[in-house]
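Have a look at the structure below before the remarks.
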DNA sequence: CTTGAACCTATTTTT
DNA sequence: TAGGTTCAAG
C-alpha cells in the first residue's frame, strides 16, 4: 500500500492501528489531516464499508477536503463515508428521527441571528431591563448550558448558576431559557446547539432503540480538532462508541495548544477525559511532533510562547527546515502607519523574495482592523481579499428572501414569519403584531396558527388574510415544484423583487444582485447532479435546498477565478491554513490579548493559544507589528505593546524598521526578561514601561514642518532630489504607473530599512529640492 | 402605520 | 466610526 510510504513512523502507526481507542496529539503542521484521511482510506482498503465510517469535523471545508483526499486513495467510494461537520451529520440523522422527539422532520435550523431575535422578543415580552439582559450574553449563557447538558429545569434548580445570574443582575435568565426552548419547539426550529442537544436527547431517551441502529451502523468513529469539542459533543461521541460490547474503534485527533474556542464551550478537558475514559480499553496515544510547515525560528518561537501557558500536554514540536528568516517586529506610531508599513513590507517581500500575493496573509485579532490594510494595499495596487465579516447569508435582503422560503416549507417558523409579515410593507404594523404575540403567548401555539384568532380592525384583518393566502400559495409551490420554480415564484409574488427594483441607489442595486445571486444558487442546486454525500437522494425540493444552505457559511460560495490575492482574516479564521509569509498585526495590550480576556488567567491563556495559532500559520516569514495609538470607535486610543511580544525569544527577533533608532536601547519598553519568569503574570500591569512615545520623526530629521512646502504630485520626476517629512531627503529612482496612480521609487539616505521605498505620488507630500 | 432623527453600543465565532 | 434600534411626530 503505497500511501503508507508517504508517512513517517509515528504517522504510520497512527494510521495502521485501526482498532481500539486512539488519541493522536498533533502539533501544527504535523500532517494531521494526512493521518486522518489515510487512516480512513486504510480502513476502506482493509474492507470496511465507507458508510460504516463516521468522521466528524468542525467545518464544511475540512470535511470536503477530507473526502477529496480520501478519494485520491480509494476513488469515488470516498463519497459514501459519513464525513461532515458535527452539525450537518447530526442534522441528517435528526431529519430521519426528529418525530420521535416531537419535532417535525422538516424542522427549521435557526442561525444565531434568529436565536438572538427570539431572545430579544422574549425580553420584551417579559418586560425586562435591556441594560442587564443583553441578547448576546444570554444566548451564550443558554448555549453553554445546553453544551453542559443542563436543561431549563436543571438550570432553575442550579443554585450556582442562579447566583451567577443574580450577581449579573439578570435573575430571570432561567425563565428566558425556558421560554426560549419552548418557543423554538413550537416553531419547529432547532438552533445550532439543538442539532447536538436534541440528538443527545434522542439517544438518551432511545425510543424504538434508535441508538442501537446507529451504534451498529458506525463501526469506526473519527473526530478532527478534538480540542474544540464541548462536553455535549463528547457526550454524543461516547453514546456512539462507549457501551458494553463496543469495539471502541474511535480515533480522535487534536492539539490542546490550538484550542481557541473555549469561549464557546470547547474544553481541553475532553482530551484528558478521553485518556481516562478509554484507559481500560487499551488506548493508544500517538504524538505527531515533527512540523513540516515552518522553519526553526518560527517553530521555536511558537514553542517558547506556548510555554508560558499552564497545563498542557507535553510535546516537543520540532522542524528540520533550518533556522530560516528571523521574526520581524514592526513598531508603528499609529494604526495608519502600521497599515502602510505592512504594505511596504509586503511589497518588499514580493520584490526581494518573489512571493506571490497568495502566499501572504495579514492576520488580526478583530475584523474591524482590516480597514487600514485595505486602504494601503489598494494604494499599492496589491490584490487582496478579506474573509469574515458579514457573510452572504447574513445580509438583510438575503435573509428576507430566505425567510419567505423557510416559511413556505415550515409555517411554524416564527422568526421567518415575524421577519416577513410586514416586509414589504403591507399594513401589518407593530400594534397588530403585538396583539397577535399576546395571543400566541397565551395559547402557546405557533404564531401562524394564531393569526386568525385575534381581535383586530377590519383593515388589519384584511391585510392578514391576504398575507395568509399568499403564504399558502407559496406552500403549495414548495410542495409541488422544484426549489427553483418555487423560489422564483416566491421572489416575484412576495413583492421583494418590486421593492428592490424600486431602489436605484448603489446599495439598492447591490441588494437586488444579492437576491438574484441567491436565486442563481437555488438554480444551481436544482441543476447540480453531483452526489454530495452518501445516499443523497435527488431531492430538489425547496425543503431540501434549505436544509442544504442552513449549515453553510461564507466559504461555500465558489472560489474566485483569480486566486492571486493577499489574504486578510482574523486569527480564528486562519486556523488550519498556512502561508509562506504571515503578518500578525495589532500586537497590543487590550487588543491582542483582547480586553475581554484580561481578567482571568484562563482568558489570557486562550489568547496566547490564539497567538500560537497565528505564529504557526507561517512557513518562512513571520512579521509581528503593533501601533502605539489607534482609532477605536472613532476615538484615538493609546495602547502598550502586547505582553506576548516579550515572550518571543530575543535571539529569534530581527531588529528592524526605521523606528529602531528612535527607541534607543536594545529592546526598549520591555523590561529585562529575567525579572519575568512567566508566573508573575497576573500583576503585569506596571511591567511595561511607558516610554513608547517616539519623538516626532520630522523633528528628528531636522525638518521644520513650517518650512516644508510640498510640490504637486505631477511635478515629481525621476532623478529629482526630494524631501519627505518622515523619511527625509531622498532621490527619485524611477516612476511607474499611469497618470493618476504614479508610484515613485525613492531612495532615502537617512531612513533605515527599507531605505528604498515605493510611494504613491497621489498621496505623498514631497518637496523638490533639486 | 410609517418615517426620520436621535440614540446607543461595540471580540473572536468552524455551526 | 458605523450600524442597528428606538422613539416621537406625521
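Glycine is no exception: its Cβ is also placed from the backbone N, Cα and C atoms.
Note that TrEMBL annotation is computational and uncurated.
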Of the residue ranges A:626-659, A:660-693, A:694-727, the one that TrEMBL records as region 'Disordered': A:660-693
Remaining residues near the recorded ATP site, that is with C-beta within 8 Å of the centroid of the site residues A:26, A:27, A:28, A:29, A:30, A:31, A:32, A:33: A:255, A:288, A:291, A:292, A:293
Sparsest-packed of the listed binding-site residues (A:27, A:31) - C-beta count within 10 angstroms: A:31
Cβ atoms near residue A:33 (ATP binding site) (within 10 Å, other residues, all chains): 17
Position of peak Cβ density within 10 Å, selected from the binding-site residues A:28, A:29: A:28
Surrounding CB atoms that lie within 10 Å of the CB of residue A:30 (ATP binding site), all protein chains: 24
Cβ contacts of residue A:26 (ATP binding site) (under 8 Å, same chain, 6 or more positions away): A:32, A:35, A:253, A:254, A:255, A:287, A:288
